Amino acid sequence: MNKYMDLKDLQNKIEIKFENIKLLHIALTHSSYANEKKRIQYNERLEFLGDSVLQLVITEYLFMNYKDKSEGELSKKRALIVCENSLFSIAKNLELGEYIKMSKGEELTGGRERISILADAVEALIASIYLDKGIDVVREFILKNFYNIVEKAMKDEIILDYKTKLQEIIQKDGDIQINYILIKHEGPPHRRKFYTEVKIKDNVLGYGIGYSKKESEQNAAKKAIENMEVNKEYE
């Protein structure tokens with residue numbers, strides 16, 4: 001039996017028994033599976049809610065436990081903690097990829113290891129716990145699973161994500177607005193590719209491609225940093 005058919009193992013792993021098991025099934029259903037089966041709910045709406053719940057819990061924790069840090073410092077730390085890479089690492093620790101329902105095509109192209117799919121599933125899982133058990137239980141789940149990430153971030157042991165790093169480089173010269181613009185997207189809903197450019201006014205700094213908007217923006221920022229480093233070498 002595939003693990004997504006029996007979620008008792010996952011419930012034991014996260015030490016949470018769901019009252020409404022349907023919420024957990026939806027949280028672990030990728031859009032590609034829903035497209036194949038029709039009339040099946042998938043996890044994008046839960047992902048939307050889970051992102052906000054995660055932001056709230058981490059923000060509250062940092063606010064209450066790091067009273068010596070300024071708003072700006074806390075915002076930077078939160079950006080390090082609540083990012084796609086962190087969510088991916090949580091998903092890997094929970095072996096979440098084994099439980100996700102997805103299309104055969106998605107699975108054959110590496111969907112169970114894809115960063116964006118796993119990160120989104122963690123956010124959806126957080127939302128499902130929140131809806132089923134409330135804020136206290138989901139807070140405990142988040143702080144338990146993100147504890148090491150929070151500790152490393154506060155000890156400056158996590159490398160900045162590319163968007164944050166680019167922002168810090170650019171804003172050394174003042175409060176300059178950086179814009180991420182989605183140029184286009186292509187492909188079926190379960191395998192959509194996003195193209196993003198990062199600009200300052202009319203100056204394009206870099207382009208990025210990814211299987212989520214977040215991933216394409218991070219790759220655009222990474223390319224912008226690389227381009228800036230190359231230009232420095234030839235100045």
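Quick reminder: no glycine exception, Cβ is built from N, Cα and C everywhere.
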Candidate sharing the Mg(2+) site with D120, E123 (per Swiss-Prot), from E44, E47, E197: E47
Beyond the site residues E47, D120, E123: chain residues whose C-beta lies within 8 Å of the centroid, for Mg(2+): N43, E44, L46, F48, G50, D51, L87, A119, A121, V122, A124, A127
Whole-number Å value for how far D51 (active site) lies from E123 (Mg(2+) binding site) (Cα to Cα): 6
Helix, strand and coil counts within the domain 'RNase III' (7-134) (DSSP): 95 helix, 2 strand, 31 coil
